[in-house]
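Here TrEMBL flags 34-182 as domain 'Glycosyltransferase 2-like'. Marked as transmembrane segment by TrEMBL: 276-295, 301-327, 348-366. Marked as domain 'GtrA/DPMS transmembrane' by TrEMBL: 287-397.
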């Protein structure tokens, strides 16, 4: 491991030369960190950086802009990054072990930094690279703002979001677009469907789950670095993490910009949508797998017991045995619950009683209508599955809100 060499706080040094970049300790102003992942960008990225620099003089905060080149190859994109390197004031050498870095800080409180991936790794990977760099850079509380490089986000909206995050309540701030007017149909329908599914899974309503304009305090950088996902699914995992930890998600309206039918976006409608929905449903799929195993045990015991005792008694005994099996697997494999065992177990027991009553009443009612005992059981299970998942997620294995530490 390279040993970082200490230098006066006002001197900015690049980490690939074995020296740690530092913020000036004498600077008491707040810090805004703008992180922009970029893959094959055009001149709109240059315009964005120039606009941010132009606004830095009127801010009561230091503005640090970090651009991460995610392995761009096109000559047009390379021209953009060469211009950024000129603006940053330094072009670092190529390296496979560490991203190439250039940076510069002006007297007006504006700073530009550039990191380079040697090959394309995806938006999520680029964001984590930038966040890992900021994690070493930050020395006092501030705000991180994530922006896209394709011109969809106005600098004024980004800075307003940063201000609201810095002086507002703890949480994740989203710059939410209004999907009306001349919006590409795939974007409008895709966002609407994803929002509805997200609300169903998490119980939290978000009007724009696909926005790339987001802000959070620097205390959350370590949390963001641990979130998985190499491409666009990273942003969905971020929302799921905050919702799962019961950390508030706030939406701030922003201007909706789609130029040339959103031609600058690298989002692959089919491939990336599959990744996103797989992330959303992975907990439900795991829950379904455990439920299927529990159902197999329950159904086997039920089928055997109906040969010896009445239907109601067979259903009760089979459910009690399979419930213990189900609790253990759900706690460890599905919800990854780390809370007190006694609390979750008592809540699960209460839930099991309620679900058992609902299941038994439904099975008994169906058999009273003339259905066979086994057929009634098969019909009742889907309803019980949905009820059980919602109760366990939001009552039994619910996660406490993670405290904010500045």
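Indices start at 1 and increase along the chain as displayed.
Cβ atoms are placed via backbone N, Cα and C, with glycine included.
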> Apart from its near flanks, which chain residues at least 6 from the ends of the transmembrane segment (276-295) lie with a Cβ under 8 angstroms of it?
Replying inline: 194, 197-198, 201, 229, 232-233, 236-237, 240, 322-323, 325-326, 329-330, 333-335, 381, 385, 388-389, 392-393
>> Do any residues, 6 or more residues outside the transmembrane segment (348-366), come within under 8 Å Cβ-to-Cβ of it, and if so which ones?
In response: 311-312, 315-316, 319-320, 323, 327, 373, 375-377, 379-380, 383-384, 387-388, 391-392, 395-396
> Under the DSSP assignment, what numbers of helix, strand and coil residues are found in the domain 'Glycosyltransferase 2-like' (34-182)?
Replying inline: 56 helix, 36 strand, 57 coil
> Under the DSSP assignment, what numbers of helix, strand and coil residues are found in the domain 'GtrA/DPMS transmembrane' (287-397)?
Replying inline: 95 helix, 0 strand, 16 coil
>> Just to confirm my parser: what is the rounded mean pLDDT across the domain 'Glycosyltransferase 2-like' (34-182)?
In response: 85
